[in-house]
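Asker: Dropping a structure here in structure tokens format, bear with me for questions.
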């Protein structure tokens, strides 16, 4: 139990608690008095539990405290381990970091900057200069239209973000600020009005929240594609993933859930990586506080509906047992990931040291390449019943709207599509072209299929 | 708790006013259906409530004609309604089942009196034979005897362990082919969440099965798997059902309480989320390579057990040999684990094996 409390406080990650033998998870019910909480130590405490020197700045009641350097190194270690052991960043990559201004993405920026500086340094000092240093850019999606935030606040916030990024050197980092409505690129119509109209058509509060999240991802993809980035890095942390595990379960997305909780997600055109996968939100905000990293909290977007209910549930669970989020995450990681949850492109792993390469290559045995059907809106892979439904619709659908509808997962169908079916046409026409085009091409091929069938019959008769 | 949840869902007919039932379009709507929030009349409520359960039974082929089925009857609302609905459907759709009520009497003076009274009333009302198996019949000991032997400390271990097996042992004693229990959709959704919260992947994969223990001697099934607790509470409202159903007793376990509260909040926000949780539970991609704890059977009684002997047999052994402390306290698993597992069982014992 001592191990459990130390782990809960210091957040040694999932590996720690499994090594301490509390595999059943049930044993983690540490009594309240032993609960370890992260805090900044105030009184004169003992020495740092890791390096034995310096007074601990981070106190975990019940466990040993850590000094600031050790705490930072501990979190950076987790970040780096996630990056290297999943081959997230290659030397030739250009990484686009999605910065929201909150503690998690702020720490991600700090850490990826640290890795980049190291890479630049070793490139400069090496004789051969074989491995170039990867590039880093920062994206900020401005959602002020849907959040109805006054413009001057957004202005100051973006200025702040720019100043934060420009203070990091070496390594020139570009900042891309894109308003959310830019996802509607084509045409000259009023993008803001279109965004407002489509969001307004969604009746469900949770659905609206999730829809905006989907648009945000689309917006990041667009920034990355237009500016030649090869990876998108998100600051999603363990706490965020734990919330997502529960909210996805509650929304009936149990099948697609494992796709969202892995380190790597290549189902998008530009692959997405989550290097803070093992760090708790609490740890990250503590680090920001300790290192006085400048954040931009103005841009906080409170979640709504079920998402906010889940968030408050998880925070209650955390109060009861600080390692609960890790347990939830561990449960979700026992679910089978999808084929797109790893990098499988040919030669992708060539840059890796030969000692690490086999680990990835063994996995790549002729597993079928990317073949999942994804939801038009949220990108969730389809479960069997959803596929069944899609097949049935394909056979008898006359109208494109039916096809679009069948390409939405059941969860989006319920919470995002408008309740009145006769407004579907209007709704789908407002969606970003990027989404509907995919169905258009898919249905075009199925139309050909139908014609082919017909032609064959003709041939037979002849 | 039963009454408070009923208050939210029960709409006095007068308030529904001129609204017509959305289902039949003829009669006045009498209530807002908790599962769908549709305004329907009393008659339609009974029709959809019973039809859904019938559909669940047919779709999952829960029963075969001629089977002898034990209805686990605790005297609580779920099992009371279950007994009524199953016997009604059996008559109406000719399932051809030989039904009987099965109750467990722990042998604690005064404890089961009320609930056994309810069950006995059910016996008369529905014309179902009632069998009460006591701990004395099953194990040779009543709880009162056990308390005499080991004192007030630790006796909950015995009661809890014995109760989990009592239904199975009783059903076997009475030559039943199947047991049905009154676990409802809310219970199952709660179990899904709890198994996520404690990282129990093996139970997570099993807990949404409508029938469990199919490879065992007596399978258990849950015809109320998709039935909302609130609807079970509404169901007896206009009938001559005994109104003094005994509210379930919940263990004070903190996060089980949280989970239940969370589900109630969710239901308020989006009624279908209970079904969505169950659907998620059914669709989880649980990798076939996941290491599952091995499930064996007890060498002595044949009940599922991870050890050579099941816990009940170990405890019983101790009692019979005059060493009642055997099997309590520090075993291989350690006292901590012991305490926690018992705390996690909560309301229904373990309803997920």
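Cβ atoms here come from the backbone N, Cα and C positions, even for glycine.
Those TrEMBL annotations? Automatic predictions, nothing curated.
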Asker: According to TrEMBL, B:72, B:73, B:74, B:78, B:182, B:187 bind ATP; identify which of B:48, B:104, B:161 is listed for that same site.
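Answerer: ATP site check in TrEMBL: besides B:72, B:73, B:74, B:78, B:182, B:187, the record includes B:104 out of B:48, B:104, B:161.
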Asker: Pick from B:306-329, B:330-353: which range does TrEMBL record as region 'Disordered'?
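Answerer: Per TrEMBL, the stretch marked region 'Disordered' is B:330-353.
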Asker: Taking the residues B:72, B:73, B:74, B:78, B:104, B:182, B:187, which the record names as binding ATP, find the longest CA to CA distance and state it in Å to the nearest whole number.
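Answerer: Those residues reach a largest Cα separation of 21 Å.
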Asker: Check the domain 'Cytoplasmic tRNA 2-thiolation protein 1 C-terminal' (B:296-326) for me and report the mean pLDDT.
Answerer: 80
Asker: Out of B:73, B:104, which of the binding-site residues is least crowded by other Cβ atoms within 10 Å?
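Answerer: Least crowded of the binding-site residues B:73, B:104, by Cβ count within 10 Å, is B:104.
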